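Trainee: Below you'll find the structure I mean.
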Amino acid sequence: MMAGLSNAVSSLFLKEFVGAFLLSMRYFFRPKATLNYPFEKGPVSPRFRGEHALRRYPNGEERCIACKLCEAICPAQAITIEAGPRRNDGTRRTVRYDIDMVKCIYCGFCQEACPVDAIVEGPNFEFSTETREELYYDKEKLLANGDRWEREIARNIAMDSPYR
């Protein structure tokens, strides 16, 4: 009898409805937990591995010395390098540096293997394309990425350097 009366009182005063409404109102005035993605972007870790880039020295010369360590260590065999002839000062530079982004698994081994920090995976993660051919990066595209993202790349490398 008491259980039936208790249920009737709860139903009469809409106890569950009021409780749910109060809970909704409490969360309504809290800061939002989600971001409106295309317009708002969350923080990206300095160790984030995004679109590849080739870096230059401050004087404008490319950093890559054509040692081919990144090509050798790439587990997906996505990197192809052709070294040019030795220059008068004994150094080499690349004639061809291609990355097949379709094959790339973004493991970061190329960045870790590079002795001069020439190839890096930058902070850019928004590089969708309409055709598959646009995902074959040549040396010019990689150098352009490096020029575009150099400030962020240098900051990320500096922030991560104590842990290397």
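Note that Cβ sites are derived from N, Cα and C of the backbone, with glycine treated the same way.
Copied straight from Swiss-Prot:
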DOMAIN    54-84  domain '4Fe-4S ferredoxin-type 1'
BINDING   CYS64, CYS67, CYS70, CYS114  [4Fe-4S] cluster 1 binding site
BINDING   CYS74, CYS104, CYS107, CYS110  [4Fe-4S] cluster 2 binding site
DOMAIN    95-124  domain '4Fe-4S ferredoxin-type 2'
Trainee: Out of CYS64, CYS70, CYS74, CYS107, which of the binding-site residues is least crowded by other Cβ atoms within 10 Å?
Mentor: CYS107
Trainee: To the nearest Å, how far is the Cα of CYS70 ([4Fe-4S] cluster 1 binding site) from the Cα of CYS110 ([4Fe-4S] cluster 2 binding site)?
Mentor: 4
Trainee: Across all the protein chains here, work out how many other Cβ atoms are within 10 Å of the Cβ of CYS67 ([4Fe-4S] cluster 1 binding site).
Mentor: 17
Trainee: Find the shortest Cα-Cα separation between CYS114 ([4Fe-4S] cluster 1 binding site) and the binding-site residues CYS74, CYS104, CYS107, and name the residue that gives it.
Mentor: CYS74
Trainee: Once CYS64, CYS67, CYS70, CYS114 are set aside, which residues in the chain still have Cβ within 8 Å of the Cβ centroid of the [4Fe-4S] cluster 1 site?
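Mentor: For the [4Fe-4S] cluster 1 site the neighbour list reads ILE65, ALA66, LYS68, LEU69, GLU71, ILE81, CYS110, ALA113, PRO115, VAL116, ALA118, ILE119.
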Trainee: For a quick check of understanding: among the binding-site residues CYS110, CYS114, which residue's Cβ has the most other Cβ atoms within 10 Å?
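Mentor: Answer returned by the neighbour count: CYS110.
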Trainee: Is it possible to get the count of other C-beta atoms within 10 angstroms of the C-beta of CYS104 ([4Fe-4S] cluster 2 binding site)?
Mentor: 21
Trainee: Note the Cβ centroid of CYS74, CYS104, CYS107, CYS110, the recorded [4Fe-4S] cluster 2 site, then list each other residue of that chain whose Cβ lies within 8 Å of it, in sequence.
Mentor: CYS70, ILE73, PRO75, ALA76, ALA78, ILE79, ILE105, TYR106, GLY108, PHE109
Trainee: Express the distance between the Cα positions of CYS107 ([4Fe-4S] cluster 2 binding site) and CYS67 ([4Fe-4S] cluster 1 binding site) as a whole number of Å.
Mentor: 19
Trainee: Could you measure between CYS67 ([4Fe-4S] cluster 1 binding site) and CYS74 ([4Fe-4S] cluster 2 binding site) for me? Cα positions, answer in whole angstrom.
Mentor: 14
Trainee: What does DSSP call CYS110 ([4Fe-4S] cluster 2 binding site) in the simple three-state scheme?
Mentor: helix
Trainee: For the domain '4Fe-4S ferredoxin-type 2' (95-124), report the average pLDDT of the model, please.
Mentor: 96
